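J.: Annotation source TrEMBL lists active site, charge relay system at Ser248, Asp340, His375. The annotation domain 'BAAT/Acyl-CoA thioester hydrolase C-terminal' is assigned in TrEMBL to 220-431.
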Amino acid sequence: MIVTLRLSTMSPPTSPILSVQPTRGLVDEKLKVVVESLPPGSPVTLHSLHHSEDEDYWEAFGHYVSDFRGMVSVSEDLSFGGTYTGKEDMGLLWSMRPVPGSRKGLRLRKMNVCSPMLHNISVYSGHVSEGFREQTPLTSVLVERWYMAPGVKRIDIMEKGVRGTLFIPPGPGPFPGLLDMWGGGGGLIEYRSALLASHGYVSLAMDYFNSQELESADLEFKYFETAFNIIKEHPQVIPDRVGMFGLSLGSLVTMHVAAESTIVKPRCCICVSGSHFYPRDRTIKEVIMEPRSNSHRLRIDENNHHVWRDMWIHLLDDPSKKVDVGKINCPILLVNGKDDQNVPADECAEDIALLMNAAGNGHLLSRVLYPDTGHLIEPPYSPHFRASNFKAAGVATKTVMLLWGGQTKPHSDAQEDAWRKILSFLQHNLYSSTPPRAKL
């Protein structure tokens, strides 16, 4: 008997192929995530995992179904569930949240800008919503997200009493400069300055809370003037093209210095989520404590989150408690969220506009107000924190769970749009042509 053997022409099943581009890039660059070689019509979950410097795990995920070609493209296909839904090319980053069982009140921030944020992007079979670390992914790719591009120089500053970190873009220069100031949590926060340097600006991230010698309002004011002049006098900085950039309390300082200094003449100012409450002859610590005199206006919501905005709002009626913004003589951009629960940013922006128009300098003011957006307007694709643990620096207060506000999707959209508008504003006011931008 003759037996005839026939070889099958069917190809064996292939493993899915995950492509993420770029695998190494700046944090404000978009990712292109594509999965290929899936069976057509297959439900899969795309998952992003990050292990923070605080040893906490953060994740985001979306549920997809492969098309007739066996492909999923995150930028073109809909997510049907997960931490985000719809067509969201960067949802795997902006919708990140602490994994179940994590500590309460976390906030994700990069403190060491000399290393990247690492995201492990994986593909899982089926629509998975929990237990990712107990399952084996079909395939994974490790992605590096950098605030500091190659060639950017990071220099510790301890000069003329000023403490901070200076970031210088690659290339011969000279470049425009920026004085970068954060809010009431204190500390030396570098990541925005590093990113600004990656876009062609010499940026000084300044620490202005930890000095024991700044015991008077006059000494504090001179400290800010000195910091500004350190940038202005740097050999790689164009001296008449130096601006100021502040968030929250840093915005108060920015407006105060721009309005009152006879030495500092910023080319432009950016104020994010700020107010113009700065009582005359008060130190920053005293400014922080000013609302506490109205602690009866403090609200605590059903989640035990502290809401501070109402403790500030009465100051709008007292001119002696506000910066004389009519003295500001440079372009200024206000970026605010309508759902800011920390300060009454919307009402403050309206009052600033009224005061500047009355003084004849209203033409210098640009305003952006985003609906359903909270206080912490960060660089694009940063996770949204509606509430987190907070302790004001330099004052005797306890750590509380502070409500910042915002809803995740609109807040994330606002961060992306605001960053684009901020860079455009800086380019218009500090560069006469397109600024150099470092590439990874």
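Here, residue 1 is simply the first one shown, and the rest follow in order.
Cβ from N, Cα, C; glycine included.
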J.: Within 10 Å of the Cβ of Asp340 (active site, charge relay system), how many other Cβ atoms are there?
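T.: By my count, 29.
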J.: Cβ-Cβ under 8 Å from His375 (active site, charge relay system), same chain, 6 or more residues apart: which ones?
T.: Ser248, Ser273, Gly337, Asp340, Gln341, Asn342, Val343, Ala345, Trp404, Gly405, Gly406
J.: At a 10 Å cut-off from the C-beta of Ser248 (active site, charge relay system), count the other C-beta atoms across all protein chains.
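T.: Neighbour count, Cβ to Cβ under the 10 Å cut-off: 25.
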